[in-house]
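J.: Next up is a structure, given as C-alpha cells.
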Amino acid sequence: MWVYECHKMDFTKAEKLESQNEVQQPQQPTKGTSFFRTCFNGLNALSGVGILSLPYALAQGGWLSLFLLFLVAVLCWYTGLLLRRCMDTHPLIKTYPDIVEFLILEGDNLDKLFPNTAFKVAGMKIRGKQAFVMLTSLIVLPTTWLKSLALLAYVSAGGVLASFILVICIFWVGAVDKVGFHENDLDLNWRGMPIAISMFAFCYCGHAVFPTLCSSMKDRSKFSKVLLVCFITSTINYGSMAVMGYLMFGEHLKSQVTLNLPIKKMTTKIAIYTTLINPLTKYAIITAPITTAIEETSLFCNSRSLSILIRTALVSSTVIVALTIPFFGYVMAFIGSFLSVTASMLLPCLCYLKLNKAARKMGLELIIIVAILVAGLFIGVVGTFTSIKQIVKHL
C-alpha cells in the first residue's frame with residue numbers, strides 16, 4: 001500500500017510538472033521575429049529578380065504557359081508546408097539560388113543607364129557590366145553583415161515595396177507613356193516550354209530561407225499563415241508583371257523587361273532605379289541560411305570578425321561566377337531547373353516521406369507527393385539540359 005501511495009504521489013508530481021510545462025511553453029519565445037516582419041522577409045525572399053524575366057518566360061512558352069506559373073506556385077506552397085513539418089527534425093537546406101543573379105541583374109541595368117562606363121582598379125581597366133557587377137558587390141556587402149532577421153525585416157520591407165513599384169512603373173509605361181498593350185502572339189510554344197517552366201520555378205525558390213525564417217519567429221505555429229500570405233501576394237505580383245510585359249512587347253522581349261523600356265521616359269528610369277534597389281534588399285536574406293550554417297560550427301561560433309570574413313568571401317565567390325557567366329536569362333533558367341527544383345520540390349518531399357511513415361501508405365497525400373517528385377524531376381532534367389545548352393552556345 002505504501003509503495004502504491006509513493007507511485008501515486010510521483011505520478012501526481014509528474015502530471016503537475018507536465019501541466020506547468022504546457023502552460024509555460026507558449027511564453028518561452030520572448031525574443032524573435034514577429035508575424036508581420038517574417039511576412040516581409042518571406043515576401044522579399046520570394047519576390048526576387050525573377051519578376052523581371054517573367055514576361056520573357058511567357059514569351060517563350062506562350063499564353064497557356066501562364067497556367068504553369070500558378071501550378072508551380074501551388075506545388076511550391078505545398079512543399080513549403082511539408083518543409084514546415086520537417087523543420088524541427090531536419091537540418092537546414094543550404095543553397096543560394098538567387099545571389100549570382102542579383103549581380104548579373106545589377107550589371108545589366110546599370111550598363112543600360114550608364115553605357116561605356118569604365119573603372120581602373122590596381123592599374124587594370126574594367127568596363128561595362130563587369131565594372132558594375134564589382135561595384136554592386138561592394139555596395140551590397142555591408143547588408144550581409146547583419147545577423148538579426150528582425151533588423152533585416154526593415155530592409156526586406158524596402159524590397160517588397162520596390163517590387164510593387166516596379167509593377168506599377170511597367171503598367172504606367174504601357175498605359176500612360178503610350179507603349180500600349182497590343183501584342184498578342186503565340187498561345188503555346190512547346191520548344192520554349194522548358195525555359196519558361198524553369199524560370200517559373202526560379203521565382204519560387206525561397207525554400208532555402210524558410211527554415212531560417214521559421215526558427216527566428218516568436219510564434220512558429222503561425223509560419224503556415226506566413227507561407228500563404230507570401231505565396232498569394234507574390235503570385236499576384238508575378239502574374240501581373242508577366243501579362244503586362246508580354247502584352248507590351250510580345251516576341252521582342254529581352255531577358256529582363258526593363259531592357260525593353262524606352263530609356264528616355266522618366267518612368268523607365270524610375271523602374272530601372274527601383275530594379276537596382278531591389279536586389280540590394282534581398283542579398284542578405286538569401287545568403288542567411290549559408291552564413292548561419294557555417295557560423296554555427298564550433299570553429300566560427302561567436303566570432304564577429306570571422307563572421308564578417310565568411311560573408312565577405314561568400315559575396316566574392318558570387319562575383320566571380322557573375323563575371324564568368326553573365327547571361328541573365330539562361331543562368332536564371334539553369335538555377336530554376338537545377339537548384340530551385342531541388343530545394344523547393346524534391347528535398348521537402350523526400351524529407352517528409354523519410355520522417356513520416358504514415359505518409360508512405362497509399363493515399364491521396366502520397367499520390368500528390370509522388371506527382372510533385374515526378375514533375376520536379378522532369379523540370380530539373382529537361383530544364384537543366386536546355387539551359388546548359390544555351391549557356392555553352394553563348395560562351
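Just so it is clear, glycine is given a Cβ too, placed from its N, Cα and C backbone atoms.
Per TrEMBL, the features are:
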type	residues	note
DOMAIN	101-386	domain 'Amino acid transporter transmembrane'
TRANSMEM	35-57	transmembrane segment
TRANSMEM	63-83	transmembrane segment
TRANSMEM	151-175	transmembrane segment
TRANSMEM	195-214	transmembrane segment
TRANSMEM	226-250	transmembrane segment
TRANSMEM	270-294	transmembrane segment
TRANSMEM	306-325	transmembrane segment
TRANSMEM	331-353	transmembrane segment
TRANSMEM	365-388	transmembrane segment
J.: List, by number or range, the same-chain residues at least 6 past the transmembrane segment (151-175) whose CB is under 8 A from its CB atoms?
T.: 33, 37-38, 40-41, 43-45, 47, 51-52, 143, 181, 237, 240-241, 244-245, 247-248, 257, 261-262, 265, 267-268, 270-271, 274-275, 277-278, 281-282, 284-285, 288
J.: Within this structure, do the transmembrane segment (195-214) and the transmembrane segment (226-250) have 3 or more Cβ pairs under 8 angstroms, counting pairs 6 or more apart in sequence?
T.: yes
